[in-house]
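Marked as domain 'UvrD-like helicase ATP-binding' by TrEMBL: 10-481. Annotation source TrEMBL lists ATP binding site at Ala31, Ser32, Ala33, Gly34, Thr35, Gly36, Lys37, Thr38. Taken from TrEMBL, the feature domain 'UvrD-like helicase C-terminal' covers 510-773.
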Amino acid sequence: MFERIVSEVTLSPEEIQALASDPACSVYLSASAGTGKTKVLTDRYLRLLLDDTEAKKILCLTFTNAAAAEMRQRIMQKLQNWSLCSQEELENELLKLQGNKSPNLIQKARKLHKYFSEEIDSIKIQTIHSFCLDILKKYSTCENSFYSYEIIEDHSKKKFLKLAFEQVFNTNTTSSDHNLKSSVGQLISFYDYDRLEELVQAILAPRIKFLRYLSKFNDEEHLKQGIYHKHEASPELSGQEILAKAMELGDQMISDKILNLLSEEGEQIGNAILQNKDSFIRYKRCFLKADGERFARLVKASFAKKYPDVVEILTREQERVYDVDQTYKKYISAELCFSLTLFCKRILEIYEALKAEEQLFEYDDLIIKTLDLLQNSESSYWILYKLDMAIDHILVDEAQDLSEIQWELIKSVSEEFFAGEGAKDYDRTVFIVGDFKQSIYSFQGADPKEFEAARAYFEERATNALKVWKELNLSTSFRTTAPILGFIDSLLGDNHAFIHNYTKHIPFRNGSGYIGMLPLIEKPKNKESEGWHLPEYEDDIKHNQKKLLAKQIVTKIDEWITSKRKLYGHLRAIEPKDIMILVRKRSELIDYLIAELKKHKIPVVEHGQSNLQENLLIMDLLSLIKFINLQSDDYNLACLLKSPIIALYETQLFEICHARETSIWESLELKNPDVFKYLENLKNSSHALSILELINKVLYIDEKYQIFIERYGDGAKDLINIFIEAIIKFETSSFSLCAYQEFVEWFKDYKAKFGSLVHNDKLRIMTVHGSKGLQAPIVIIADSASSEQSPVENVYWDKNEDLYLSCYSEFDCEVIKLAKEFCNSNQERENLRLLYVALTRAEDELYIGGWENNRIKGSWYDLISKKHDNNIEVIPNYAEGEAEIKNKDKYIEVKLDKSINLEKKKIIRPSLTKKVSVNPAFMERGKVIHKLLHELPQIPQARWNNILEPLDESIKQDLLLTIKAFPDIFFSVNSISELPIVGELNGSQLNAQIDKIIFKEDFIQIIDFKTDTRPNLNKVKNNYIIQLKFYKQLLQKKYRQTPIKIYLLFSSNQELIEIFN
């Protein structure tokens, strides 16, 4: 029996949930965001247990291990509650869940917790990959056993693919394989090494799709024929032969007589044809535009009227040239596509061999090998029979995110559920829950069309077997308030690129909600600057905008928290845990947000991945391992000596490094033998100790751990643990040879994941993909103003999953253009689904932000601003005349009265009391050093060399030594750089800029950078004291009870002098 219930107009959400959790029928449940689908899944599982289904015969497939753990926990908690709660509570629970509270059912419910606990090892609540691994371990033959296999790490995957790429690439000179040699030669004539590597990565990223594509062809000759056929090309003639033949015909088409006539009549096409007859590529430009389309008119109207027969000949030639051009493009495209496909095929073969040799596999390998076991092995019927006996009910969570091959596996396992003859005498069911609108994992092979295809497949199977099949729709959101849901419906409901037959949300919470748009961070304006300045690359501009966006967002958050603003629809003040910041993809913006939040002392969970290689603490630890490898690396050894492991003072390091004729290592033996002996002992110990043992010895036995904490704060604990975790991962891999040396190379590509633990009191930052299934009272979508572009790899898959390559747009034939349109359309749809996921994370308040750029058209910010209505407030920037810089409870807040007419007041800037004669060259040098002292600490150290390269060596030395000498100044999180400060002092307006302010526990530091040589004390007082007095007096008005200390930092000799001591 088939039944479809598509809305909740006639039924309540509770009634829909009850129907969906009914274990007597198979169900397809479409559940919009926040509608309680996890509850339905849990209820269905519980009702199966209450119906005497053995727990081990229920297969519940989740998308992630975290979801599986949450599901188990929910069930265990519910069963535990049933075993302990009062009779009345249990009766009410069972009546609501099962519609029954009989004594027999109550007795059964009481015992389920004990039963479930005893059966915990056989419970099948797991990911589809875990399920496959269980099958392979249980049913694989001894020679194909998976017990000794491990999941390949990303860095190993990259390493193996690189090895395979290099091996195949170099075959151009060594292989006897004619096809491959020809393919490599063809590819390197079009692409350089790096571009070819990018294309290979783009094709092999969807590895399963590529393998399935290859499986369409019996052999390489069949592959070649198939590719040429799809491109409507023939491999019989080469590209050069096509063009040569075309030129021969060209000579026959247009006679010399016609060409002379054209020239005599002043028609440019005549001379153009004569001058370009030796090359078709140039010849075709006489008839076709740059994009390959025909010129609308070849000659002037007067000529056409006078010589219509000639025009007819030229038009026929134009058509012929167009056809030849299309034929040539099809051939070139087919040839390149075949060459690249064969190239990737050979790379994949070597890659698979390397994996097998190291006994490593990818998650998708589990599904491929399981399907092969179930469909193609000699024992497949027996294995399917055993699985059929072991599984009676299948529950599929997040079904919209499954790939075609995963659905194929589920269909194989459930094949007998709807069989006729030989079927079991009780109902066996399939429960599928998901949301087409939330399918966002195409990069993992997910396709929402497969979700729909699965619905059709199981509907047909169930109805043909006369089984009950229900299609239900949950659209009542228990998560999000009505104003936000209404806006989402108005934004996406009528957008057919998003979804057809959109069902509007029904709000369960009709209270107030709020949607706000943060002003876009403007592009920096180009300004004429005097003298030397940091080069403004496009990336630098983006980074600056991201910094400003981070400040904008965090300032707003700090304002909410410090002012104890009430959360919309609630009576309590906003807390950090209420806020979730979403980004579309990982970038520097996350680091800037975290840095700003830490400045404001707002607790944050550092979700996602961090580039550890640029972290100072990690660099300190890594310097020890690099030292073990090579003691003569002077720069690394200097870093190690300054690190918490040795912790030399700057003066001590200077004594070792200055005026030496040997390496720092040799100088260290003479000038600091104690440190030399300690490091030499570590070096010698490394022969017997693993990397992990050596690091543990230094941190815990030698008690360096606490020194790291003192220098870097409590955050050092997490970073040290992450570094140790990386070492463990490296040392448990099976391909390291020289451990200390290989670790340094391996670590370059290592990515660490943060935020795996739950921190209930902290703000969260994560990608939209990572936020799936989560929610927060306040959601801020930070980077919404950048539209998704077509993939730069120029690799396209059409609707039949055939591969196409666009080498250059001018070579695109019609079939490639169609594949491009198909891919771009799919990308647009997924972009909108990702937006839906982001918007529906919000419970009460939603904010949209971003920065101006050249790709704002079509971006989320653009879409939302076009739908702007009374439900959305455009949040203004801070009022003119008011500036706020806050640091938790200690902050600077200089407010100007808007009524002040600055024209009537004298505006002064602090300066020297008398003019000093200064060499212009020194002034320019000072500007450079001053600028870089502010900028370098905010730039990843990997980029320092490129920035400093044009500078004089003495400037470089001053900069690097100064920054290294005072890390607590330049890398302090409780500090503000280049602070513009405006205020009234002694009846005049003061306009100044403070180089550095640092908030200490008991006092405030003001530091002014000086790039000249330190004068004597009297000159310091005469030249700088007035300037510093202004700073102190102005700030002291705000911080009356907080001592303020003032310092001069001289970069020429790395000296910090306190004034007014």
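Every residue gets a Cβ built from N, Cα and C, even glycine.
Annotated features taken from TrEMBL, shown on the structure.
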| residue | record | CB count, 10 Å |
| --- | --- | --- |
| Ala31 | ATP binding site | 26 |
| Ser32 | ATP binding site | 24 |
| Ala33 | ATP binding site | 23 |
| Gly34 | ATP binding site | 23 |
| Thr35 | ATP binding site | 26 |
| Gly36 | ATP binding site | 21 |
| Lys37 | ATP binding site | 22 |
| Thr38 | ATP binding site | 18 |
Query: Which are the residues of the chain, Ala31, Ser32, Ala33, Gly34, Thr35, Gly36, Lys37, Thr38 excluded, whose CB is within 8 A of where the CB atoms of the ATP site average out, their centroid?
result: Asp435, Leu474, Ser477, Phe478, Arg479
Statement: The average per-residue pLDDT within the domain 'UvrD-like helicase C-terminal' (510-773) comes out at 81
Task: Reduce the DSSP letter at Lys37 (ATP binding site) to three states and note it down.
output: helix
